[in-house]
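Colleague: What follows is a structure written as structure tokens; I'll ask about it next.
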């Protein structure tokens, strides 16, 4: 039997899995999968081998940071696209949990369940990219945000993508015709082209949104930083993982830095969304208490005559006339466009 070719080939994971340990690598390429040239050493914890311990720590940090971002999104009760964008972060949290279970070896590669968990993992990754893509259309108000049409179109289509990619993955791992684990071209197209196209379209939509709709250009910086973090992580993951692993004497590899870069890019998605949305503060219920102007009832002696105190306040605040604060009762006008 000839040795597998580890050069880069369209439709094959040989080159990638030879450099970095992805969850699908033990299931494609050859009957025994593909093992990377260099990977992070494992540790023994309570008679259990834990693989990629440094990356496991980053996954735990990612879960904590995602929970914090979800909390802040939920606290912006009236922000545009709040319910839509929060689905993306829930999906990212699920992807992180699956990554944690599979990469660390908590679900061992020898287990009969490993291919099915990996299929679910890949399905969640594609559903996350798809959900992010659909969130890119929310700002254009093709459907009113927060309505059943907007929410269920994202939920149902993301579930369809999840189911389709999970099926393709499991069928590929089990060599169900016409899919093949030795030539997983369909899975390769989904993993790189479909997911990459979804991310690219999202970025283009947000640039168009900022340039054509917003007066502020600062959100472009969040987009640029997010792209830079993600691209840097992918290059480190697929190109320099072996060099990093050898230099660090097997303590860390490219997966460690790739996971950090992915977390930073997700945080920039939150930062960007937060920077382009405003709350209608009159109707929000947040942790900060609103400052209300309380006016005591005035006595009859203070209300007598047009030139009295009441008359002066009446003319100064102009009930029914223009207000110095912009609102009819001296309150700020919070009904401006939120984009």
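Glycine is no exception: its Cβ is also placed from the backbone N, Cα and C atoms.
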Colleague: For the record in TrEMBL, which of the ranges 3-24, 25-46, 223-244 is the transmembrane segment one?
Modeller: 223-244
Colleague: Under 8 Å, at least 3 Cβ pairs, sequence separation 6 or more: does that hold for the transmembrane segment (85-107) versus the transmembrane segment (223-244)?
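Modeller: Counting Cβ pairs under 8 Å, fewer than 3, so no.
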Colleague: Counting only residues 6+ away from its ends, which parts of the chain sit with a Cβ under 8 Å from the transmembrane segment (185-211)?
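Modeller: Residues 10-13, 24, 28, 122, 125-126, 129-130, 132-133, 135-137, 139-140, 165, 168-169, 172, 179, 217, 219-220, 223, 227, 230, 272, 276, 339.
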Colleague: Given the cut-off of 8 Å on Cβ pairs that are 6 or more apart in sequence, determine whether the transmembrane segment (113-140) and the transmembrane segment (50-73) share at least 3 such pairs.
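Modeller: Counting Cβ pairs under 8 Å (6 or more apart in sequence), the transmembrane segment (113-140) does not reach the transmembrane segment (50-73), since there are fewer than 3.
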Colleague: Please indicate, using numbers and ranges, the residues of the same chain that are 6 or more beyond the transmembrane segment (152-173) and have a C-beta under 8 Å from a C-beta there.
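Modeller: Result: 24, 27-28, 84, 87, 91, 115-116, 118-120, 122-127, 130-131, 134-135, 143, 179-181, 184, 186-187, 190.
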